[in-house]
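Right, I'll just put the structure down here and ask away after.
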Amino acid sequence: MTTATTPSGSSGSRTGVPETPEEPIDTAVLGPAPRRRPVGHGFRARVLTPYGMLAPAIILFLAFMAAPILYTVVLSFQRVQVQGLGLGSGARTTVFAGFANYVAALDAEFLASVGRVLLYGLILVPTMLGLALLFALLLDSKRSRATRFSRLVIFLPYAVPGVIASLLWGFLYLPAVSPFYFITEALGIDAPTILSSGLIVFGLANIGLWGGVGFNMVVIYTSLKAVPSDIYEAARLDGCSEIQIALRIKVPIVFPALVMTGLFSLIATLQVFAEPTTLRPLTNALSTTWSPLMKVYRDAFTRDDLGSAAATSVVIAVVSLALSFVFLRIVQKRAFGQED
Amino acid sequence: MTTTTASTPRSTMRPSPIATGILILGALYCLVPVIWVVAASTKSASELFTTFTLFPSTHLFENLAQLSAYRDGLFWRWMLNSALYAGVGAVASTWVSALAGYVLAKFRFPGKSAVFSILLTGVLVPGVILAIPQYLLLAQFELTNTYWAVLLPQIISPYAIYLARIYAAAAVPTDVVEAARTDGAREFAIFNRIALPMMLPGLVTILLFQFVAVWNNFMLPYIMLGDDQLFPVTVGLSGLLNQGASAPSMYTLVIAGALVSVIPLVLLFLILQRFWRVDLAAGAVKA
């Protein structure tokens, strides 16, 4: 409580130098030049207090992040063995399964779901980031009007849960209630069925785009705003057009923001679950294993095959973690390069 | 939006109809489902399938009454549940994150960078991947299908801690903390009475983003809860749509429910506009 953190760093606790006015009393009691500082105010201020204050975060982290991850890894190497009819106690035992669950989990169904999600991501991420960049540049351009209105409205879908967004778009895809089909029918055009197995991935990508473009736009727009405007003035004086300024100066400046939003979006596409799950009642084109997480859900809750579900979760988590390390590299260098 | 203090004001530049047109098109695209749900919620079940859906009708209040009557107001219970999960969850999460962020920014202690690195590793361990393991673990303690099952896992947010650390480092001067320590103040008191108020503007942003994250979460409550009395509105409406597939008369309920469920967040969003600091939430710190 009384000792402040000393600037001497981690080796400070080893020196016998008194650090506060109260300290000389301690040294007097302990005699001259003690080898080790006793556990007292110093230890308390240096270690117990910060860890005590970090305790809520650390405990919750261990309970709801670390423990579930470990538990999943353990489960992924286990298999339930049923003896006889599987009745009575002791009839079901868990045994070590080696990599059997992983082999079973990485079946054609899983690979197909990964393929679908990859296609979904390939459609969604470039479209979303491209449009977000375009809108951000237009918002930043001094030649645009109605920017306040557009920025607000394009960001608005962020406040709509994915489930509700899927619900709304699902109805807009449904020929019986959709105004689009009403119009195309009146005009005699044979509109393609979005809720068909061939096009549903575009329908889902559109829902993701609708929900995500505004958020990414604002992220990019904010990083544009951080640039001092005299750079643009100089470019204008040199005869650069607005489009040249946008392509040659603004796009390179927001590139780090693009990388970050790109990574976030990629990881989000790997985990798509709510949207296809919500759309399922409206179409036959979505199987229960359309996305990898839907397969995990089915294995765990419909088939009661925890080992396989756990193994699949581990695979998805490892891929996500590999991506997040790239992210960490970028972020830590930018934000905490000088601290510590 | 604040206009920059650039030397060339917006008004002196020639307006571009193309640039403005593209922005308006983008805005229209974002409004289509909203306009549709407003119009569709005014229609009776038979009109929904027979008339052009963007022409409004007169049955809005009937539909709302029907929605309220559905299983003794179950829909409103879902709305309250969502408010509870998001409200309590966001406040708890923000406080825990603020405390951890403050300690990580203002204390020197052994193992600090290790603690921070481990917490930060959690940033991109996707919450949805944790949902099933969390279910299995909570099932061991018979906590599934309770309010706790949805509330507790969402309090820990490594990303919010990361943001709180940035914010504490920027908003709380070390001298002030040192001075309070010299005056003999307890560390918790320093945090609660001095640091917390200083961090408040950033914490409101964290609070809002956590609120939206919990309100919008689908997978965790979908997995954890079996009792529909505990559902948040996302899971409830999704289930209602599922029933609608066999009984299309349910569609009017789902549509009215979708409209009502969007209103609180849109209002929150419009009223607290200035606190939606995406730059902070996206971790975009000026280099």
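Each residue, glycine too, has its Cβ placed from N, Cα and C.
Nobody curates TrEMBL annotations by hand; they come from automatic prediction.
Pasting the feature list from TrEMBL:
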{"type": "REGION", "residues": "A:1-33", "note": "region 'Disordered'"}
{"type": "COMPBIAS", "residues": "A:1-16", "note": "compositional bias 'Low complexity'"}
{"type": "TRANSMEM", "residues": "A:53-77", "note": "transmembrane segment"}
{"type": "TRANSMEM", "residues": "A:84-105", "note": "transmembrane segment"}
{"type": "DOMAIN", "residues": "A:114-327", "note": "domain 'ABC transmembrane type-1'"}
{"type": "TRANSMEM", "residues": "A:117-140", "note": "transmembrane segment"}
{"type": "TRANSMEM", "residues": "A:152-174", "note": "transmembrane segment"}
{"type": "TRANSMEM", "residues": "A:194-221", "note": "transmembrane segment"}
{"type": "TRANSMEM", "residues": "A:253-274", "note": "transmembrane segment"}
{"type": "TRANSMEM", "residues": "A:306-328", "note": "transmembrane segment"}
Return yes if the transmembrane segment (A:306-328) and the transmembrane segment (A:152-174) have at least 3 CB pairs under 8 Å (sequence gap of 6 or more), otherwise no.
no
Give the nonlocal contacts of the transmembrane segment (A:253-274) in its own chain as ranges (CB under 8 Å, at least six residues past its ends).
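Residues 117, 120-121, 124-125, 128-129, 132-133, 136, 161-163, 166, 204, 208, 212, 216, 219-220, 222-224, 227, 291-294, 297, 316, 319-320, 323-324, 326-327, 330-331, 334 contact the transmembrane segment (A:253-274) from elsewhere in the chain.
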When you scan the chain for residues with a C-beta under 8 Å from the transmembrane segment (A:152-174), skipping those not six or more beyond its ends, what do you find?
135, 180, 194-195, 203, 206-207, 210-215, 217-218, 274-275, 278-279, 282
